[in-house]
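Only one structure is covered here, and it is reproduced in the block below.
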Amino acid sequence: MVTLAHQLVIELSEEVQLFKDKKLDVFSLLTVAAKVGNAEFLSILIRTYPDIMWITDSRNRSLFHIAVINRQEIVFNLIHEVVNFKEIILTKYDEPENENILHLAGYLAPPSRLNIVSGAALQMQRELLWFKEVEMIVLPSLLKTQNSKNLTPWDLFTMEHENLRRDGEKWMKDTAKNCMRVATLITTVVYAAAFTVPGGSNQVTGIAIFHKAKWFRVFFISDAIALVSSSSSILMFLSILTSRFAEMYFLVSLPLKLVLGLTTLLISIAGMLVAFSATCFLVFKSEMAWHPIVIITLAVVAIILFVLLHLPLCVDIIRSTFFSRSLFRPRKKSLF
């Protein structure tokens, strides 16, 4: 089955044959394909005409340089399939600015590519992932190379991403503060509930009146889980608020703390709900009574709304932190 990309390459080949005596700006087509991430078109074209890998624009930038500038990981992954020529391609310099491909990774991504992830902190993380990925495959000598402004790649990255880093710091602190308020409230409630057990205690022995009831055991265990997890959540969010917020902290440290904080917060909410449900059944003394069922249903609705609002953020952070590196590994060979 001939795809649209195959057909386009065939027609392009025919044009080259028809106008071989004229100058055909093939690289402009390749540049557009690299900018928009059309890896299929480029793969077919490179297989048909391998020499186009060596074509550069007026600033001596190859297809892979263009892919890095525009943060097109699908196109950039093709570099892993040209192992024998990778070092030669990656050592090309942007001539006017004397910048290597790692310098280009240090520039801020275009808005259209930056906004594919939500939140300034996760955007900063994605930019760091790109820089580290390019850093791993270039020659060590390129890491300290200075451009025409006497900036190393990392110096350029720090300067270009300063505003994004500040936005990420504000986003992370605001999220941590809001969640810590909820965690503190839960800690206060479940701590008080632990000393005011349902039904009260025997005045002589001090033992809870319902201590033999199965719902009392459920209450005690769930209340303890809620207390421990909410306290852990507070510590995680407090750790975020006291962090340095240097660039490298956005790669793993800060997102991991936020994930742990959100996870323990959700666990504490679930534990509090179970403890509340157990208390209702203890007070009404009948598992079939409709009163506790109605009350619990209303409580569950509130908890579900909270989870729906915060779970997507937690999922986004987990995906961005633990699965983003798979973006830079081709799943199957596309070239040779």
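All positions are counted from 1 along the displayed chain.
Every residue gets a Cβ built from N, Cα and C, even glycine.
Copied over from TrEMBL:
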DOMAIN    169-282  domain 'PGG'
TRANSMEM  179-198  transmembrane segment
TRANSMEM  218-238  transmembrane segment
TRANSMEM  258-284  transmembrane segment
TRANSMEM  290-315  transmembrane segment
Surrounding residues of the transmembrane segment (258-284) on its own chain - C-beta under 8 Å, 6+ positions past either end: 121, 172, 175-176, 179-180, 182-183, 186-187, 189-190, 193, 198-199, 210, 213, 215-216, 218-219, 222-227, 229-230, 232-233, 236-237, 240, 291-292, 295-296, 299-300, 303, 306-307, 310-311, 313-314, 317-318, 321
Helix, strand and coil residues within the domain 'PGG' (169-282) as assigned by DSSP: 89 helix, 2 strand, 23 coil
